[in-house]
Amino acid sequence: MPAPYHRNALRHLARGALAVSALLASAAGQAAEELHLYNWGDYINPQVLSRFTEQTGIKVSLDTYGSNEEMLAKLQAGASGYDIVFPSVHMQDSMAALGLLEKTSIDRSPAFANIDPSFLRAKSDPKGEYCMPYAWGTVGIFYNKTKVSKPIESWADFFAEAKAGKKVIMLDDMRETLGVGLIVNGKSVDSTDLADIKQAESWLLERKPLVSAFTYESVPMVQSGDVAAAHYFVGAMMYVKQDPEHLAYVIPKEGATLYQEDMCVLKSAPNKANAKRFMEFFLQPEIAALNTEQQMNGTPNKEALKLLPAELRDNPEVNPGPEVMAKLQIFHDLGKDLKKYDRAWTRVRTAN
Amino acid sequence: MLTAENRARWRLAGLLSPATLIIGLFFVVPLAIMALYSLLEPGMYGGVEWTFYPDNFGRILGWADGSNEEFDVVYLQILLRSFKLAAITVLLTLLVCYPAAFWVSRQPERLRNFCLFLITLPFFTSLIVRLYAWVLILRPTGFLNASLQGLGLIDAPLDLIYTEGAVLLGMTYIFVPFMFLPIYASVEKLDRRLLEASADLGAGRWQSFWRVIFPLTLPGIAAGSIIVFIPSLGNFIVPSLLGGARVLMIGNLVEQQFLAARNWPFGAALAMLIMAAVLLFLLLYVRWQGRAALKEAAR
């Protein structure tokens, strides 16, 4: 999952302005063919959208959300008019259980062969009859090279810098941050065993005095060197690319979480045919590559991967080799057991 | 046949109905939904199951026996901490605004109006943008540390951001206008001749302040305190942005329940408790005001 968008003040304003202009645009051209996307903030290359409109004449509007839960809550509250959403895999399973997703049969499209079948991770959709794998990435450590004593390779290094008086920050995210506690102790990030969760909780509590903040506002703080290192998404690579001398992103040795979002059509979608056209458009390797190049994350499209510039394709922090891949874990929906995480997280956040 | 009295009654009902409708639609109905949800079982993916479920409150107040939910004292601690922060915010804004209101009220009219304009100026920009400006000021490479270092006053940057001090600064900054305006209203009304009278009657400065000025401005202080207290109780943006979210406030907790934890009923129960606490304070205020009015009438 990319960094939640709504927490960033300035982007929030920009988003407001965009929404207004989109509204005006849609009011102007009622008759034209339309497609309405509801995606994470900053999670699609705008060029992909403009190219789609050029080729098909279909007008695309884009609304954004900051978390899976925000998106689901809006849809449950009756938000309509959206055609395509981009849930994380575990949220896709929840949405399938709630009957919100449309069967698209996208797996029958010839270009679906471009998709690496190992990315068909949703339990509710093992063949890809509903949704199409969109993008993936890791959650690791984003740091400022000038502020640390040696390159950070692991969570142990991260907290060693903190012990030496450097400022470090972690995500304000219940499952991601407790997930670090589970990973370093060799447990599954989906564990529902209270003993495991308790262990992760006390591991975090021991280190809480070393953590300056729990936040998503990490990028500017690391860029300026106000913070030496931050628990952050691979999307930080966008900034590393601009300033590779000072910045770096690393997948910690202990392991990390992996996220993947899929492109799904809603049952309530008003423009289902256009939505399918967009999915097929996105299956083209050049288009998927155009997106990934700007996003600096992973693509499930095998053919697109070949088209990427070598420094991205062969970057072990973005497209790691098989032994690192084996250490990555993806979240699954926990149902009622989510409660255990909520309690542990509340206790971590309440301790002084 | 309508009698005159009946007609007057119908007219009154007609005049009151738009206001009643608005309050009903935008206040009573949402509140009733929240009260109802707080007593229902949480649904698997958010939402509610329609079964009676008293354990949402039990989790906070102690009667959850562990079969469905388990009591944890942590929620009361969070509530208490939020109360403490709100109370300190009231004190700090009062400390800033009370003397400032006196100063402004003594200025010539044009300067006075300009000062009032300055006080309300922050409302023209978004709260989040203004708080983010404080992040830029307080961070280690930020404006304040850079200036102090440039002047040679400090060698290494001070720890300003992500501290309790930063949270208090931010809270005070946000709520100063809310405190200032009611206090200013009561200070401006203050009849200066009463001060002359009290001086003529031999009262010292302190005596005049405590026995004349303070009681006369007390309604402004009380109104300001309430207007500041209520929103600061639920505020979590300041502790998140300036305090680094290291400590959970009741507002964060409610947000966490509705989003990450997908437990709407528990979030609703927490919100109901905050509301009950606020109502209690308002009730005390109204009673205090009523008694003061009675005293006034008896004189």
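Glycine is treated like the rest: Cβ placed from N, Cα and C.
What TrEMBL says about this protein:
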SIGNAL    A:1-31  signal peptide
BINDING   A:Asp173, A:Met174, A:Arg175, A:Glu176  spermidine binding site
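Here the features listed in TrEMBL are painted onto the structure.
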residue	record	CB count, 10 Å
A:Asp173	spermidine binding site	20
A:Met174	spermidine binding site	20
A:Arg175	spermidine binding site	19
A:Glu176	spermidine binding site	20
Next item on the list: Using DSSP with the three-state reduction, classify A:Asp173 (spermidine binding site) as helix, strand or coil.
Entry: coil
